[in-house]
Amino acid sequence: MSTSVREVGNDSVSERFFYDIYPYICATVFFLGSWLRYDYGQYTWRASSSQMLDKRGMVIWSNLFHIGILGIFFGHLFGMLTPHWMYAWFLPVAAKQLMAMVLGGICGVLTLIGGAGLLWRRLTISACVPLPLRRISSS
């Protein structure tokens, strides 16, 4: 008799919440918040926010971060949502797992390096520091 990895009736409350309910809460908050921001606050951007587009370090860190994030996203998309029968004839399971670990690791490192560079840039370049922090640091 074959048993599934996740048998019906054996879910704990935390598993049910985090895997069945919480993703829908996050998606609802994301879409509702984006819609409300667009609808009510589209003219609230300040001119000082355009200072973040300063080119010092932005190109390399932003590209590393976005290439890594896109690689992780599409790796998860194709790796988890592609049925086994679609790639079984040309890609063995062991090769797929090795490819996922190597490419996922590379994309993860790119994301971490790019994110750390963007954070460093945000905290050290005065034009990128948020306005409340500029007021605190200048006094």
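The backbone N, Cα and C atoms fix where each Cβ goes, and this holds for glycine too.
Features of the protein shown, as given by TrEMBL:
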- His66: heme b 2 binding site (BINDING)
- His76: heme b 1 binding site (BINDING)
- 16-125: domain 'NarG-like' (DOMAIN)
- 21-38: transmembrane segment (TRANSMEM)
- 59-78: transmembrane segment (TRANSMEM)
- 98-120: transmembrane segment (TRANSMEM)
Looking at the domain 'NarG-like' (16-125) alone, can you tell me the average pLDDT? 88
Provide the three-state secondary structure of the residue listed as 'heme b 1 binding site' computed with DSSP. helix
Can you give me the Cα-Cα distance between His66 (heme b 2 binding site) and His76 (heme b 1 binding site) in Å, rounded to a whole number? 15
Once the chains shown are all counted, how many other Cβ atoms turn up within 10 Å of the Cβ of His76 (heme b 1 binding site)? 12
Cβ neighbour count (within 10 Å, all chains shown) around His66 (heme b 2 binding site): 13
On the DSSP side of things, how many residues of the domain 'NarG-like' (16-125) fall into helix, strand and coil, could you say? 92 helix, 0 strand, 18 coil
